[in-house]
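Per TrEMBL, these features apply:
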type	residues	note
BINDING	113, 114, 115, 118, 210, 211, 212	UDP-N-acetyl-alpha-D-galactosamine binding site
BINDING	210, 212	Mn(2+) binding site
ACT_SITE	302	active site, nucleophile
């Protein structure tokens, strides 16, 4: 295991090096079939073991929102971190028990940014599938961040579920950035401001989700905790030195090669109001500092989110099942995705 981290893939470096050699030369030293000679980064996740949950941690894993957890139910994947946070996979909790354990009279916020063509193309389907799968039986408030007078589609909501529109002032755009980059660079600041207002007063826990996705399976109380990070489907098996953290030391998002636990996704994150205020203000300040210096982190707000979660470890991690892209390819451990990405259309105007 590499020093300074407990990221699962580092537990078996010898097994990784054997597998990487094997794909090029074959198990007996002969040239392998060309179809097995895969590009090293694109398909590395298929080859890399995830590690094991430390035995000392396993009996202690219990979640206030799901009841007892069963980290041994999935021996093929990493089900907890070295700091004691559970990694939630299908099969590591009992959905019926989780439904019983769910805190009653709890208001959960779901925030989504939908501006320009993204509102027209994705928002209605996002909300319709959320009504079918997101926190069923709980009080939910959807907070849709839009610009100007854009028309938010009307979706039939169930009892105890509401939709609120948060109007954002149009900021000056950076001409060299794609439209989605401009949105991502102001999202953390907008969320922090909203958390200090009505959003922070109405909801106790929140999920922040990108709009170009749709719910495809139950997304319940197992996804709640004081702070929750989402494992990125592309990189959850990669060794740390290959993870796409920000490496420019001038950036506020920079991580040294010895730093970083997992690669987290900004398309899904959440937690309590207090925890999210802390996270969003940290990211917003880092983004503002970089912009003042003429810098742009490699993955924008996601780079700053990863830096924040490195410094303040999340209380719970969600497996890639909770946010999956079919572009990643088939993975045996991905059984029932809860969120699925729409095909990426980076050129689609957002504003």
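Cβ from N, Cα, C; glycine included.
Taking CA atoms as the reference points, residue 118 (UDP-N-acetyl-alpha-D-galactosamine binding site) and the residue listed as 'active site, nucleophile' are 19 Å apart. The record assigns 113, 114, 115, 118, 210, 211, 212 to the UDP-N-acetyl-alpha-D-galactosamine site; their largest pairwise CA distance measures 11 Å. Of all the binding-site residues listed here (113, 114, 115, 210, 212), 210 has the Cα closest to the Cα of residue 302 (active site, nucleophile). Around residue 114 (UDP-N-acetyl-alpha-D-galactosamine binding site), taking its Cβ as the centre, 27 other Cβ atoms fall within 10 Å, counting all chains.
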